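Data first, discussion second: the structure below is written as structure tokens.
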């Protein structure tokens, strides 16, 4: 406890400071924090599940736009380039009926003997949400590769569809589960052709939120055959996901509709705890936004009027409200498909929640591996990329076909024993 003399001295010193001391951010602290997280790849976290939805609080104003117009410190919120995390980017053209789609994906190819981790992001996100995870999994498994796509309507993937002459309205993009799982399989196969791989390597599918439903649907339909070694689902459970949909409209309407800069968008994601790792936010958030330029107003010539200056703001790239009809179909029968599909299974959850009945029974029967990160948010692969990568790497090692040593046949054993005795 401070004495009265100490309090008086402290007050006197504080009185000499300016009314608002500037915020000083030391980027080295963030780098050290991230490095510590990389080194401490403990797999000791345990839990149950997360709804994956942030419910706005009217009292805390969680999603309120920051009142200050000043940009946050550049060192903390400046965007990072994708090339710091992946070796190359791919543009893969596919024709599906009358629709032409140019898939965009990030790739770090595996060596001849390494596995390929194929990731699918959640709704409204992008392939760069797995950027930090990709860097970490390649540290854990140097021979591995990572393929992370932008789903249609997300990131840099483009969809070109003929527009009817009498159709004046923009058509809602097809985000049905069947279309998304077909897209994912198509991207993997197109990548094989582009990279001139004679055969696909062993594949581990990883999906976050909506992406979890996509990889399960792909595995359930066997679209990539026996190349799929296993699949990991990140923070999505059928029961909790269906319940969370009731809050989705409120959440979307509570987000800022635009941001004055990319730095402010990154800052909002970290301040709102949507993404708890600012390093990951700096690479993933810019891909979620589109620049919108506002031209000066010619009717006003007053020098103090900001309308006379060209300004750029950033709006959401993927309009999610129009996709509402697809929401319930994403998660229907997710638990049963997850348990029944061919391949090893890993479920990673954040926070504490409940597993539905099918998953609880499946867990007791040892049908899948469960791991929980109680200190992470819904974007657990962004919040704790090193820890998630460590668990996924161990999951692959457990199920690596090359590491499996089959016991000798009983007949061969007896035969060998007979020769030895003779």
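The chain as shown is numbered from 1 upward.
Note that Cβ sites are derived from N, Cα and C of the backbone, with glycine treated the same way.
Check TrEMBL against the ranges 270-292, 293-315, 316-338 and you find region 'Disordered' recorded for 293-315.
In this structure the C-alpha atoms belonging to residue 378 (active site) and residue 235 (active site) are separated by 6 Å. Spacing of residue 235 (active site) relative to residue 209 (active site) is 6 Å (Cα to Cα, whole number).
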